[in-house]
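Participant: Have a look at this one.
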Amino acid sequence: MHNHDNTEVEKGYLEGANNLERNISYGERANGGTALGEVTGRGGDTHRGLKSRHIQFLALGGAIGTGLFVGSGGILALVGPAPLFMAYLSMMMVVWCVMNNLAEIVTYLPMKGITIPYFVKRNVDSSLAFALGWNYWYAYAILVAAEATAGAILLDYWKTTVPAGAWIAIFMIVILFLNIVAVGVFGEAEFWFASIKFLTIMGLIILGIVIMLGGSPNDQGRIGFRYWNNPGAFTPYLVDGSTGRFLGYWTAFVRAGFAFITSPELIALAAGETIAPRRNIPKAARRFVWRLAIFYGLGSLIIGIIVPSDDPRLLSPDSNATASPFVIGIARAGIGGLNHVINAAILTSAWSAGNAFLFSGSRILYGMALNGDAPKIFGKTSKNGVPWVAVLATWAIGLLAFLNVSNTGSQVFTWFSNISTISGFIAWIVVMITYIRFRKALEFQGLLHTLPFRTPLQPYFTYFVLGIVSVLTLTNGFQVFFPSNWAVSDFLAAYITIPIFLVLYLGHKAWFRTSWFIRVQDIDVVSGKREMDELCAHDVDPVPKNVLQKVWFWIA
């Protein structure tokens, strides 16, 4: 076995795992189950078709969208380079915590058909799981529309005669095709999408360093941190002085959330369809954070170095690549022709993120159908293991992208996108509460040592980050409370998600008369564990035959 390459090991694992999952009796599955669809009798089965490289690049693809390439420019123009850099570093700390929480839970029970609401229902409360499931599904479906709209705007950069609606239709049909065929095809497409994105951002970071050190074709000279001195590292926000600088950082922190929301969940959602989950999920979780640190950390620093915060192009009304700080930096350096290449790469980025969000939204809806929190029809799967009804339903909400064809629709759509950001923050709060309850239950039953994957600083770091995200959620629209900034639409965009979530939660609780929470001693952390232990016993770490394989195994 040790002489096999990575693909052979994963093929052998897959055959053994599928045989085991077929041989486990219904009675054993009913005690927590290996596949939720068979336990509940409410749906078909998904397939384990995602390899290590697929799952790592799926998370990367969802994390790096138009938020980094375009959205960062808006933050830079509003508050300056220092708050932009600090905000991305701060948000990475939050994402690291949420990623670790989810990785610990799903590595413990990587069952087919699992979703985050399933674990909330099992560890906290069924009403909270119900509200979270619909909250997640809505956020993912709206994010599909957001990326489709971004894709249409990016395509329009080349000023073709094709209308925006046609580009949106093409974008939506392609991601539907990739999601409806088979999970292996989806994973392969996402791997190549994310690879292009990976090369683009690395190239832009290297180019930014060259420009910073004076390597641009024109006579800019060595820029260094010139723009941090003039126009300055901080642009005070709303008020002057140190308070204004802090408010600048805080609003950047909130806005940075849009680039990251729902990205840690992508790895967790794919756990049930991942080959060798207890090897590949921790591996993906560990590397995911380091890759984010490189892309967002260095990327946000480079942006603030090569573009001054007062560059008028940052505030361009057209949300296309001309508003991307990377493209502005390239133009300022006098590098011709590269803007088209970068625009194409950013388009791929939007397509990749849309692809990942449709996958995730459909799996959330599929999981809710298996749990009885959504109509049974959404649990149907094709012979290839794709929950096609859930995919179609999520895709249909993504058609809101067509609102962008009209100006009024564009305003409504921006409003929806703002709401999805807070949906992401609320979801993270619930994830952290679930992790705390899960860990307490393991401690109560003396099973904490059985966790296959343990992360540092827990559970104390989770308590700290839970407090931070709670404050972020409550203060995300603080600027509307300044008299000169009051607008009803901005207030609703910032806060309407909170009462909607509470209505779902309290409505479910009133209708089903559930208890407020499951007591720690009653939380089930045993069902399904033995089956997962047996399933993962087939896994063998692949041993590289040569240096090239060693490098490839490290990357993917």
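Heads up, residue numbers simply count up from 1 along the chain you see.
Cβ coordinates come from backbone N, Cα and C, glycine included.
Annotations for this protein, taken from TrEMBL, read as follows:
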- 54-514: domain 'Amino acid permease/ SLC12A' (DOMAIN)
- 57-79: transmembrane segment (TRANSMEM)
- 85-103: transmembrane segment (TRANSMEM)
- 137-158: transmembrane segment (TRANSMEM)
- 164-186: transmembrane segment (TRANSMEM)
- 198-216: transmembrane segment (TRANSMEM)
- 252-276: transmembrane segment (TRANSMEM)
- 288-307: transmembrane segment (TRANSMEM)
- 341-366: transmembrane segment (TRANSMEM)
- 386-403: transmembrane segment (TRANSMEM)
- 415-438: transmembrane segment (TRANSMEM)
- 459-482: transmembrane segment (TRANSMEM)
- 488-507: transmembrane segment (TRANSMEM)
Participant: Using Cβ atoms and a strict cutoff of less than 8 Å, what residues sit near the transmembrane segment (164-186) while being 6 or more residues removed from its termini?
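Facilitator: Contacts of the transmembrane segment (164-186) (Cβ under 8 Å, skipping residues fewer than 6 from its ends): 46-47, 49-50, 144, 148-149, 151-153, 155-156, 273, 350-351, 354-355, 358-359, 362, 382, 384-386, 388, 391-392, 395, 398-399, 401-402, 404-405.
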Participant: State the non-local partners of the transmembrane segment (137-158) in its own chain: residues 6+ outside its ends, Cβ under 8 Å from one of its Cβ atoms.
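Facilitator: Contacts of the transmembrane segment (137-158) (Cβ under 8 Å, skipping residues fewer than 6 from its ends): 65-66, 70, 164-165, 167-168, 171-172, 175, 261-262, 318-322, 340, 343, 346-347, 350-351, 353-354, 357-358, 360-361, 364-365, 368, 394-395, 397-401, 403-404, 413, 416-417, 419-420, 423-424, 427.
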Participant: Between the stretches 85-103, 386-403, 459-482, 488-507, which wins on the count of C-beta pairs under 8 angstroms to the transmembrane segment (252-276)?
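Facilitator: Going through each listed stretch, the top one turns out to be 85-103.
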Participant: Is the transmembrane segment (198-216) in contact with the transmembrane segment (341-366), using at least 3 Cβ pairs under 8 Å (sequence separation of 6 or more) as the test?
Facilitator: yes
Participant: Would you say the transmembrane segment (85-103) and the transmembrane segment (459-482) are in contact under the rule of three or more C-beta pairs closer than 8 Å, pairs 6 or more apart in sequence?
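Facilitator: In contact, yes.
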Participant: Is the transmembrane segment (488-507) in contact with the transmembrane segment (288-307), using at least 3 Cβ pairs under 8 Å (sequence separation of 6 or more) as the test?
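Facilitator: Output no: the transmembrane segment (288-307) is apart from the transmembrane segment (488-507).
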Participant: Under an 8 Å Cβ to Cβ limit, what residues of the same chain, 6 or more beyond the ends of the transmembrane segment (415-438), are close to it?
Facilitator: 94, 97-98, 101-102, 104-105, 116, 119-120, 123-124, 128, 132, 135-136, 138-139, 142-143, 145-146, 254, 257-258, 260-262, 265, 400, 459, 462-463, 465-466, 469-470, 472-473, 476, 489, 492-498, 501, 517-518, 520, 523, 525
Participant: Are there residues at least 6 beyond the ends of the transmembrane segment (198-216) whose Cβ is under 8 Å from a Cβ of it, and what are they?
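Facilitator: Contacts with the transmembrane segment (198-216): 57, 60, 64, 68, 222-224, 294-295, 298-299, 302-303, 305-306, 326, 329-330, 332-335, 342, 345-346, 348-349.
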